[in-house]
Amino acid sequence: MEDEVGDAKGNFALSDRLSSLKQHPVFVTYLNISDQFRDRATLVGDWTHSFIDGQARRFYRTIFRSPGPIVIVMILLTLLVGKDAMDFGQQINGDVEIYLPDGADSTELLLDVREQWSTDIVLLYIHTDNAIDDESRRGSENITDVAILQQISFLEGDDDNKEMGRYARGIDWNKEDRGTQDGVVWVLSASQLIKEGNSAPSRFTCAVEKYGLPIVTSSECQITNQDPRDTYVIPNNQDQVNNTVENLGSALENLVVDSNGDGVWDTAVVVMGIRFEMDGTDVDSRTDPEGNEILDHKAFIQHVKSVITDCASNPDIYNQFDDPLCARDYGGVKLSSMNEERWEEIPTRQAVTVTGLTPVLHDVSDAIYLALEDMLPISLALVCLVMIALHRNPKVIIICGTPIILSLAVTFGTTVILDIMLTPMIIAAGPILIGLGVDYALHLINRIEETRNKLLEENANAVAKARRDGEVIEELDPWDKKLYLDATVHSMMTTGHAVLLSAITTIIGFSVLAWEWLVPIQPMRTVGITLVLGIACTFFFSIILVPALGWLVRYRKTGGKKAEKVWEKIGEVPVRGAFIVIIMAFLISGIGAFYLSAELGKDITGSSDEVPPGLESYEALAEYSRVFEGGQTNMFIIDAKDRGVINDIAPIRHLEVLDSIEYMQEEKINHVENTTSISLVTILKAVHINVNLSGQQMYDRSLWEILHSPCWDDPAQLECIITGDIVITSATSRETMINIAFDTLSYEIRSMLMNEPLANLGETKTLVYVNQPYISLGIAGELRDQLDSYLSEGGCDDALSCNAMGVEGVKNSLLTGGLPVSLDINKGVHSAQMDATIATMIVLLFTMTILFRSPRLAFFTMTAVGVVVLWQPLLMRGGDVNVNVFTAMISTIVFGIGVDDSIHVMDRIREEGETPGGIVKAVARTGQTIFETTVTTTAGLAAGLTLAIPGLRNFFTLMMILIFLALITSCILLPALIVAYRQITSFIKGEGDWQDYDDVATLSDATMDAELTG
């Protein structure tokens, strides 16, 4: 008893303190200012409401005068813009660099490389019959067999076929053009290196003659009448080829492989660096749906395939070679290089397969576009089925479907008209716009029906009362225009207000994705722009067409009585168990926050799950990366321009520069795990000069050995006589021999490794190619850091200007290419994911504070949406969903859709009042419509489950679950927050239990959403 008295005294003391706090001058002043502000705001609000009500009534009166013609005009106007909508596939860009974060070092470096060389790679992946896994069917063809090399060389283009027809001249038919005519800047392959070695003596002879040296060789070169490239072919002598192969040594390691360990090179790759801009090249153009001729990478890839196809029917090939490579496929045959577990799933492998990152990206883009084309009709069909099931009235399809179709047509048609670049990520926009379109339309038509039924009920009650009193009141026609106008205007001033708030906040939320300074990934920005445009169109069409169509088709919603009772009970949950709901929600959110960094911080995988199955180019590239332990072509630039010309030697030819390159390669780069490199030094070591007299080899030295011969300093050594170096070192200077050595290199090699000569300077830059396999980004990041640590020794002014070479006047860049690009995309996606989510929260909170004129309500609304984002990591963890460019947008998308639900609930609570009865009524009435829109939206998204791409199926599954969770939080957690706030403030003010003020209301069937009773 004493304890109870003590507790009572304590409560009275707390109440007294709180009461005295309320009398504090500061608090009183705050209340006075708040009251004055509220009064002013109320006056402004009343005037604004009255003005808008009048304008809305005039607007819809105009529509209802001739609703049919207005609908027709809207459709015709849409056709003007949307007639090109299905051509939006032409706007999809599959190039990898569009995913590069703006301002990233690798982006700047890549652009610098592109100015002089190539950053886009196409591969020919080649198998001989010795690559067959079954030994009983395996042949003996070796990549270095003359017959095989000549077939590969025919495809590449050489001096034997350069004058043949359009396709018979090969892919790289002009070796001097740096891709301006044939699109190919350079080719690197076993065939090319053997042609390089075979033709080197001729070019060496010409260089000797050019520099006037008195050295007699076995061949002559009259510069005025002989083309030194006439020998740029595969020699017919197998022994000569074998000798060249031996001289090439490690230069062949990245180009041929023995896939089954039988000692025969059975698999090869032809690496082609192609121009970024194909305009002006003499390759086959492709035709877009409008009949325009286009020259781009996709056209080049088609041209390469045409060359291979033509080769198969070329008499020069099939008459000379039995079962030529270009006509061969290994259908139903397992090759040794294929994955043991998946080889039967892999598309039929051609002996010559076009692959590489560039073809793969275009194939993926095309496959996703086709998937989107197939998915949209399925999405619309599922939406229609769900709407019929929920509303039991097919008319709802016309009312909701028409605005959706028109908005999609205008949205995608506008992207074509304005030439907005799209990416495969746009696949997410279609279902989202369908879902939001259904959301707006259902909310509006349901409220129109609810209001119409309420007015009819009031009229019926008035008529019945009048009859009892002996009076006569006209009974309203259910489809009286004035009645429908009143219902429409009322719905627009209530639910229409919520739809407007929803559209504004959703547009602002998605616009965050389009902020260039915040989201550095351009594809994410294009999705943001498309969604903003689409939502604006959806709102515009819904506001105009839903009332007009509802009137024209005489729509009545039927059924739903059981659902009304269910939602009434659901509405009581947050009122009766507010604190339990909040505790559970925040507990789950805490667990989600714990895993947030781990799940959303995962590296982008780029695995087969993210790619449409059955892509020949992807399967070949994945296999090539695994078998050759390569595939990612990286590079760094060495710039010696500041050294200038010394002794008539171009800056990049200086021996000190070459020695520093060798040191960087041999002592640093090549010691990094999974890393090999190719440079000028590699080629100078691989190209040998042979002198034969009467069939006897008198001299055989590589260009590198000649330049580094000790005989330049001391010709009296015995070694100089034995090797024959004394002949060269006595006849000329090392400086002259440097120019001879570089002029011995083919135009192909020079295009690959050096920039075009500058006036009065010559070549000033060279590229060092660094090759690595496609490996997990976690490991790859460590490799990049190690490589960049070597390349940044001595400090860097910027990414293009480092001092790691240790030679005066020589600068080097950091690494760029496949690996840095992948890592920077990974970093950019994660950064954009986090930054966009945070920015969306802040922007939406600020926007709703203004729209609701209440920071409290805005905070509650955002909290209900924010917890769903915190639940995302749990779903990703449980569903084994990887991070990719699609899932990076999920948080922002969920905010956009989730806010829509919460705004409708919050706006209805404001309308009904923050009382227990008002909250139950708001949830019961609005919750049912939100449930319908959620089910319809997820039905639209469910079309994504028909896709053959596991990664996208996971994306759509995750989206569907999160949208359902947004429904739960908006209808249960959001009201629970308001109830808890009211109970806490009531307790603090000493006003007792808040729920005592108003019992939980039981709703009348006659006032439920869109229920017609008469």
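Cβ atoms here come from the backbone N, Cα and C positions, even for glycine.
Residues or ranges marked as domain 'SSD' in TrEMBL: 878-980. Annotation comment: TrEMBL describes 63-82, 367-389, 396-418, 424-445, 498-515, 527-552, 573-596, 832-852, 857-875, 881-899, 930-949, 955-981 as transmembrane segment.
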Two-stretch contact, the transmembrane segment (857-875) and the transmembrane segment (955-981), at least three Cβ pairs under 8 Å: yes
The domain 'SSD' (878-980) - residue tally per DSSP class, helix then strand then coil: 90 helix, 0 strand, 13 coil
Model confidence over the domain 'SSD' (878-980), averaged pLDDT: 82
Contact between the transmembrane segment (527-552) and the transmembrane segment (573-596) (3 or more Cβ pairs under 8 Å, separation 6+): no
Considering the transmembrane segment (498-515), which listed stretch of 63-82, 396-418, 832-852 counts the most C-beta pairs under 8 Å: 832-852
Same-chain residue ranges lying at least 6 outside the transmembrane segment (367-389) that approach it to Cβ under 8 Å: 86, 89, 92, 396-397, 400-401, 404-405, 408, 424, 426-427, 430-431, 434, 438, 612, 615, 935-936, 939-944, 946-949, 952
